[in-house]
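Lifted from Swiss-Prot, the feature list:
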SIGNAL    1-23  signal peptide
COILED    80-168  coiled coil
CARBOHYD  ASN160  N-linked glycosylation site
CARBOHYD  ASN188  N-linked glycosylation site
DOMAIN    271-491  domain 'Fibrinogen C-terminal'
DISULFID  CYS280-CYS309  disulfide bond
DISULFID  CYS432-CYS445  disulfide bond
Amino acid sequence: MKTFTWTLGVLFFLLVDTGHCRGGQFKIKKINQRRYPRATDGKEEAKKCAYTFLVPEQRITGPICVNTKGQDASTIKDMITRMDLENLKDVLSRQKREIDVLQLVVDVDGNIVNEVKLLRKESRNMNSRVTQLYMQLLHEIIRKRDNSLELSQLENKILNVTTEMLKMATRYRELEVKYASLTDLVNNQSVMITLLEEQCLRIFSRQDTHVSPPLVQVVPQHIPNSQQYTPGLLGGNEIQRDPGYPRDLMPPPDLATSPTKSPFKIPPVTFINEGPFKDCQQAKEAGHSVSGIYMIKPENSNGPMQLWCENSLDPGGWTVIQKRTDGSVNFFRNWENYKKGFGNIDGEYWLGLENIYMLSNQDNYKLLIELEDWSDKKVYAEYSSFRLEPESEFYRLRLGTYQGNAGDSMMWHNGKQFTTLDRDKDMYAGNCAHFHKGGWWYNACAHSNLNGVWYRGGHYRSKHQDGIFWAEYRGGSYSLRAVQMMIKPID
């Protein structure tokens, strides 16, 4: 600033002191940011002296003080100050505006850069999200296409099943019509058969003769290879006598035989005081694995009962409903006895139709029949299911499929009602219980008669086949030595 002031003072001093050059003029050539010369007249250059001063470029940053005399100095001062100040103000204003604009631009550019970065980041995220959504859309389209295919397949299956059901319904209706016609035919034939039977009975009654039931085969078609017959062993033909049995239902006294030793080798009687259990299988599961007398109470029964549980046969848990061992108990009984049961639990006994019905209908049971002949040979017949219908259906027998080595002599009785001497429900014109001397699910009449007369020695002589026989094993003229009927829940 001091240098600039000193320079201006020298300049004005030279302008005032112009004695050796009259009427001369001078021009100051200022070198600024934009340097330009002043044009001079060629004529005057020849007459006048001209001085050119090179002044270093300075920027006026404060007030300028000029001390000079005369009108020319004042004019020059005004010219310099006004022009420079105006120029400086313009420059400063312009630079300030530019600086402000640049500052705004810088700020805006910074914000824009940040926003651009954020937008780029968001763009990348959006692109990734759009890609994910696009992939999900493709998966959904594929899944819906698969679902539509599955739906079409299911619809086709439903249509096929519906068609089959309609066909089955049509066939069922046709079968119903055929069944109704066949039922009418059977009823008509039954009426005709009944009339013919009555006529035959009247004819036979006039002739004072007796109708005997049909006899089963004396020797079975299929005999076990190890079986040996002893036709010479013919014992007496007597039925067991029971002192408490009504005399009017007893057969003649010449049909009895004395008891023999039990072939099943019953151990000393064991009484189990725990319980009651619903069957012998439940007792075995409770830890009782010894054969003996147990207290059993079936579901929905009025009270408990005592019966024999057989655990010696693997795997045990068998409930014995009938047992024949030595002929000590009379099985030629009436309906009430067979309904309630009779005999000795540790020997021969019949559990009772009502008790058997309660047991067999509380669960799904199977039936095992063990047979023993007089040669100590044991065979068995097992049926996959067993149950009785209620008394209103006269304890109708329902059996499953057969397996075993004794032959199937029980299936012929499947679906038949129980018959006793005083309740005839068999398919024969007469009373099968009268001829076979015991209660059973007779057809017309029997292929098995396990409640018949116990004969010693095997083969027996009798007018009717009234022994304990299994037609497919030893035939109808061979009385077995021992029999057990047992049931157990299906595994």
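Just so it is clear, glycine is given a Cβ too, placed from its N, Cα and C backbone atoms.
Predicted, not measured: the structure shown is a model, and the values here were computed from it.
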Sorry to bug you, but what's the C-alpha spacing from CYS445 (disulfide bond) to CYS280 (disulfide bond), rounded to the closest Å? 33
Reduced DSSP state (H/G/I helix, E/B strand, rest coil) at ASN160 (N-linked glycosylation site) is helix
Students should find that the Cα atoms of CYS309 (disulfide bond) and ASN188 (N-linked glycosylation site) sit apart, in Å rounded to an integer, by 48
Mean predicted confidence [pLDDT] for the domain 'Fibrinogen C-terminal' (271-491): 92
Closest of the recorded positions to ASN160 (N-linked glycosylation site), Cα to Cα, picking from ASN188, CYS432, CYS445? ASN188
Roughly how many angstrom lie between the C-alpha atoms of ASN188 (N-linked glycosylation site) and CYS432 (disulfide bond)? 24
Tally every other Cβ atom lying within 10 Å of the Cβ atom of ASN188 (N-linked glycosylation site). 10
Can you see whether DSSP assigns CYS280 (disulfide bond) to helix, strand or coil? helix
How many neighbouring Cβ atoms, not counting its own, are there within 10 Å of the Cβ of CYS445 (disulfide bond)? 26
What is the Cβ neighbour count of ASN160 (N-linked glycosylation site) at a 10 Å cut-off, with all protein chains included? 10
Around the Cβ of CYS432 (disulfide bond), other Cβ atoms within 10 Å, all chains included, total 27
Across every protein chain in view, the count of C-beta atoms other than its own within 10 A of the C-beta of CYS280 (disulfide bond) is 27
